[in-house]
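All remarks here apply to the structure that follows.
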Amino acid sequence: MKFKKKNYTSQVDEMDCGCAALSMILKSYGTEKSLASLRLLAGTTIEGTSALGIKKAGEGLGFVVQVLRADASLFEMKKVPYPFIAHVIKNQKYPHYYVITGANKNSVFIADPDPTVKMTKLSKEVFLSEWTGISLFLSPTPSYQPTKEKTSSLLSFIPIITRQKKVILNIVIASFIVTLINILGSYYLQSMIDSYIPNALMGTLGIISVGLLLTYIIQQVLEFAKAFLLNVLSQRLAIDVILSYIRHIFQLPMSFFSTRRTGEITSRFSDASSILDAIASTILSLFLDLTIVLMTGLILGLQNMQLFLLVLLAIPLYIVVIIIFTPLFERQNHEVMQTNAILNSSIIEDINGIETIKALASEQERYQKIDYEFASYLKEAFTLQQSEAIQTAIKTTVQLVLNVLILWFGATLVMHQKITLGQLITFNALLSYFTNPITNIINLQTKLQKARVANERLNEVYLVPSEFEEKKTELSLSHFNLNMSEISYQYGFGRKVLSEIKLSIKENEKLTIVGISGSGKSTLVKLLVNFFQPTSGTITLGGIDLQQFDKHQLRRLINYLPQQPYIFTGSIMDNLLLGASEATSQEEIIRAVELAEIRADIEQMQLGYQTELSSDASSLSGGQKQRIALARALLSPAKILILDEATSNLDMITEKKILKNLLALDKTIIFIAHRLSVAEMSHRIIVIEQGKVIESGSHSELLAQNGFYAQLYHN
């Protein structure tokens with residue numbers, strides 16, 4: 001099958017190359033799926049997409065997928081089933097996928113998901129040096145039916161625009177009046193040259209001049225009103241576009257965040273700004289610039305049709321400039337946004353890990369990495385700016401040449417007494433009101449190109465379904481027993497992290513899960529709060545499958561306190577009350593901080609509960625952060641608490657006091673701990689090794705068994 005250029009798909013984020021390659025093959029057979037959907041089907045992780053993931057996704061969409069390890073002899077076959085996907089180590093540095101669209105004796109033709117490369121050819125020598133040999137061949141099954149997923153174009157923003165129609169109308173009216181005043185000023189110049197000066201009409205000149213001055217004052221008032229309304233419009237559009245993105249981000253499942261770098265998510269805010277800029281510019285161009293072009297075009301035609309026809313000759317040149325620069329701007333905008341996302345991720349990562357960087361004395365090493373990424377971003381941004389500057393220079397040259405031709409031809413008409421000098425000067429003055437709006441419309445190309453790329457990137461987030469899409473009624477429970485039946489879980493299509501877990505936890509039981517690092521302890525408890533869905537098996541609470549619960553209700557019933565408690569910017573009181581009921585009393589707050597053994601620490605601070613904290617709470621010790629987070633969890637209405645290494649930063653004495661307090665509570669508490677002193681005090685201990693429950697019992701029972709737990713305890 002011949003690969004068509006229209007089927008090319010570029011990757012949006014760093015780890016999208018596998019899904020983008022799959023998308024190209026699917027398009028060749030009439031199926032269109034967003035990269036967001038393909039990431040879900042292929043089990044893409046933060047490390048990228050595996051060949052197995054692409055195989056599973058293809059099979060799920062009605063294809064037979066063969067994964068083979070081939071060599072150079074593949075291209076010597078008479079019938080090679082193009083296009084196919086090849087796994088490569090690009091530039092001998094990082095794993096990547098190409099779509100192979102054809103080959104000849106010396107070259108291999110590829111479609112590279114990298115938007116800076118797109119469709120090109122490589123010498124066979126270069127390709128074979130990169131190719132790992134792994135190749136994926138897709139062919140439709142007899143029952144295959146093409147499917148097309150709906151994605152939002154820039155037209156989807158029309159409802160947002162129409163909501164602001166009153167503001168837009170006022171901006172257009174103000175701009176229209178301002179332009180009319182400027183046109184009147186041009187005719188004043190014509191009358192002055194052709195009538196008032198030759199005929200010495202001093203009185204008329206004075207009256208007209210004063211009138212024009214007053215008109216210009218009104219014009220500036222309208223200019224201010226227009227600028228004010230533009231700011232209002234910009235802010236309202238920002239609320240609609242940026243806040244809706246943030247709202248959607250908060251509603252996405254944990255799997256979305258675990259498979260993307262932070263910078264890839266935050267860089268979409270600047271993408272949204274590009275869309276806002278394009279929307280605002282498009283509104284003004286559609287409603288104002290087009291109107292002014294038509295109006296001034298009519299006036300210029302009435303002024304002198306020969307000169308006006310000369311002006312119209314420049315428009316095809318502008319159109320040619322747009323067509324030439326369109327693919328260039330698309331590619332360069334993609335690259336600028338992608339390098340910006342990588343840079344943002346690194347900066348956020350390094351600021352969050354600054355303590356570790358300083359502890360390892362690796363400031364220079366991390367700086368050099370950011371320096372390299374920043375240089376890459378600047379290089380791409382500079383290339384884009386150069387292209388924009390070249391386009392601007394071409395447009396300006398066309399405009400200047402046009403002005404010279406107008407004056408040249410117009411002067412000839414004046415010499416032949418076909419028009420007056422005043423008419424020529426007025427025509428030249430009015431010309432800017434015709435060409436400037438055309439220039440504004442042409443300038444939309446760059447903004448709309450950037451906005452289209454930005455919209456594609458936003459779509460990849462918007463197309464990830466919210467975890468709250470299904471409206472579920474709150475369920476009433478007669479008891480709070482937890483039961484896990486044959487639970488297995490794996491990230492993407494990698495190895496199983498959990499395998500056939502069977503576990504029952506009674507209401508008010510105090511249970512500790514132990515095991516070496518990487519055994520699956522944290523993953524198991526995250527399934528209990530629906531952060532991730534089990535690959536197989538069921539989990540019930542009160543006899544009801546967790547999938548039937550509204551997630552907000554479930555997380556109010558089961559509170560998970562992660563290994564790294566997060567303290568938010570605000571006061572200690574703000575942090576304590578996050579997630580608590582609005583009716584929480586002072587007595588309940590005091591009770592919670594006492595149970596967490598943090599009351600004395602807080603009350604010794606100068607501002608007590610009103611002490612302001614930054615997001616990293618650098619003024620607090622690790623143990624204080626953990627205890628504030630624990631008090632916050634205790635203030636939640638949860639019947640079940642999951643404490644993932646929640647006391648790991650505490651001294652043994654404080655930890656023992658807190659454990660004693662927690663064991664006395666009328667709640668189910670699940671501890672995850674490396675310190676076996678926590679396990680000793682709990683009712684039951686579950687030992688996990690390589691994703692399986694291998695032992696269960698009390699501390700004394702497990703020691704008596706002399707198994708894995710006993711080894712951990714004695715060692």
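Each Cβ is built from the backbone N, Cα and C atoms, and glycine gets one as well.
It should be emphasised that the depicted structure is a prediction, and the values quoted were computed from it without experimental measurement.
Marked as domain 'Peptidase C39' by Swiss-Prot on the basis of sequence analysis: 11-138. A mean pLDDT of 90 is what the model gives for the domain 'Peptidase C39' (11-138).
Other Cβ atoms within 10 Å of the Cβ of CYS17 (active site) number 24 in total over all chains. As annotated by Swiss-Prot, active site applies to CYS17, with the evidence given as sequence analysis.
Annotation source Swiss-Prot lists transmembrane segment at 167-187 (among others).
For 168-450, the entry in Swiss-Prot reads domain 'ABC transmembrane type-1'.
The transmembrane segment annotation in Swiss-Prot covers 197-217 (among others) and is backed by sequence analysis.
According to Swiss-Prot, the transmembrane segment annotation covers 237-257 (among others).
For 282-302 (among others), the entry in Swiss-Prot reads transmembrane segment, with the evidence type sequence analysis.
Among the features that Swiss-Prot reports, transmembrane segment is placed at 307-327 (among others).
Marked as domain 'ABC transporter' by Swiss-Prot: 482-715.
Mapped onto three states, the DSSP output places LYS521 (ATP binding site) in helix. Summarising the environment of LYS521 (ATP binding site), the number of other Cβ atoms within 10 Å of its Cβ, over all protein chains shown, is 24. Positions annotated as ATP binding site by Swiss-Prot, on the basis of sequence analysis: GLY515, ILE516, SER517, GLY518, SER519, GLY520, LYS521, SER522.
Simply put, out of 237-257, 282-302, 307-327, 282-302 has the most Cβ pairs sitting under 8 Å from the transmembrane segment (167-187). Highest Cβ count within 10 Å among the binding-site residues GLY515, GLY518, GLY520: GLY515. Other residues of the chain with a Cβ within 8 Å of the Cβ centroid of GLY515, ILE516, SER517, GLY518, SER519, GLY520, LYS521, SER522, the ATP site, are ILE688. CYS17 (active site) sits 32 Å from LYS521 (ATP binding site), taking the Cα positions as reference. For the binding-site residues listed here (SER517, SER519, SER522), the lowest count of other CB atoms within 10 A around the CB belongs to SER517. Taking DSSP states H, G and I as helix and E and B as strand, the domain 'Peptidase C39' (11-138) has 45 helix, 47 strand, 36 coil.
All protein chains considered, the CB of ILE516 (ATP binding site) has 13 other CB atoms within 10 Å.
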